[in-house]
Amino acid sequence: MNKPFLDYGDTVMYGLECSPSSWIRSHSHWGRHIVDFFLIVTQLGFCCVYFVFLADNFKQVIEAANGTTTNCHNNETVVLMPTMDSRLYMLAFLPFLVLLSFIRNLRILSIFSLLANVTMLVSLVTIYQFILQRIPDPHHLPLVASWKTYPLFFGTAVFAFEGIGVVLPLENKMKNSQKFPCILYLGMTIVTVLYISLGSLGYLQFGAAIKASITLNLPNCWLYQTVKLLYSIGIFFTYALQFYVAAEIMVPVIVSRVPEHCTLLVDLCVRTAMVCITCVLAILIPRLDLVLSLVGSMSSSALALIIPPLLEVTTFYEEGLSPLTIAKDVLISIFGFVGFVVGTYESLCELIFPSHSNTSTNSTSAFI
């Protein structure tokens, strides 16, 4: 195509133009619209998760302020001082996140990204240091969760690993893009090891009643209260990065339809409205585990599991794809579609008719 750069939406659109079906070729632009829609849902879903995470952690830190001790070796239960509802904490964060969303320079956002990475790394090391100490006898723990939690787990796992929207931009920015597969495999291996180890050790340390975010299970001592605050700071700054992707898709479309002298005002208004939408959705669904699973099942599975295999078949079918490759792509897409339907259904059912057991939160015990 003689294009120096293609993002995910462009790739789908140009791939569909290579389809043997004339109908698909004439409607290839819909491929880009579908990808953009799911990207917006996914990125704004991440932002909703961040609202819930910030509110839950700050609420716990403030409620336990009077019970915070210097003894970090015992995970003692303290009497929490009731404060505001977590939804009010979300509203308190809203103006600050609106101001953060006004930053449109990716170079400035990269500074916040560095700060977020540092705070999260320090917090992560401290969390590992705690959960590796004096692990209780695991014999009383259930070895396998109820089968009803597997759809919720599917959504959470896809949410955790999905980052396909940045794959092509990263590859295109590399000086030697041929080395990108090695970087991708190395990065995903590190992430997988972190998720499995933290999830397993966290479950062994805190038991079946583990809360949806591992930080909420830490003792109420000054060190681990600081960890919660540090992690919250990292999540706060990461919000702007996740928001940037959705804003880059939506804002230009709307701004292009207004007079030039109004562009800045409309730009800021659209960004403010988008942040307010994520806040409202987080207030309506204040359960971290359900937000994670719903976003992962509904949009992340489409971006990561359904669209890419179908795109490969559509693009290269006339070049003689082997039956094994076609079968592989079809199976991956079917797996993603089943997860999409069942995971979304179970998340919505749990949202509308919540069960009062703790089984659903176990599926997200490793979220950090």
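Glycine residues also receive a Cβ, built from the backbone N, Cα and C atoms like all the rest.
All TrEMBL annotations are machine predictions without curation.
Predicted, not measured: the structure shown is a model, and the values here were computed from it.
Feature list (source: TrEMBL):
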DOMAIN    7-347  domain 'Amino acid transporter transmembrane'
TRANSMEM  34-53  transmembrane segment
TRANSMEM  86-103  transmembrane segment
TRANSMEM  110-131  transmembrane segment
TRANSMEM  151-170  transmembrane segment
TRANSMEM  182-210  transmembrane segment
TRANSMEM  230-255  transmembrane segment
TRANSMEM  262-285  transmembrane segment
TRANSMEM  291-311  transmembrane segment
TRANSMEM  331-353  transmembrane segment
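For the transmembrane segment (262-285), the list of distant contacts is 44, 47-49, 51-52, 55, 87, 90-91, 93-94, 97-98, 101-102, 104, 243, 246-247, 250-251, 254-255, 291, 294, 351: same-chain residues at least six beyond its ends, Cβ to Cβ under 8 Å. Ranked by number of Cβ pairs under 8 Å to the transmembrane segment (230-255), the listed stretches 34-53, 86-103, 151-170, 182-210, 291-311 are led by 34-53. Spatially, the transmembrane segment (331-353) is not adjacent to the transmembrane segment (182-210); fewer than three Cβ-Cβ distances between them are under 8 Å for residues at least 6 apart in sequence. For the transmembrane segment (34-53), same-chain residues at least 6 beyond its ends with a Cβ under 8 Å from one of its own Cβ atoms are 8-9, 12, 86, 90, 93, 97, 159, 162, 165, 213, 232, 235-236, 238-239, 242-243, 245-246, 249-250, 274-275, 277-279, 281-283, 285-288, 291-292, 294-295, 298-300, 302-303, 307.
Within its own chain, the transmembrane segment (110-131) has Cβ neighbours under 8 Å at 72, 100, 103, 194, 197-198, 201-202, 204-206, 214-215, 218-219, 223-224, 227, 230-231, 233-238, 240-241, 368, counting only residues six or more beyond its boundaries.
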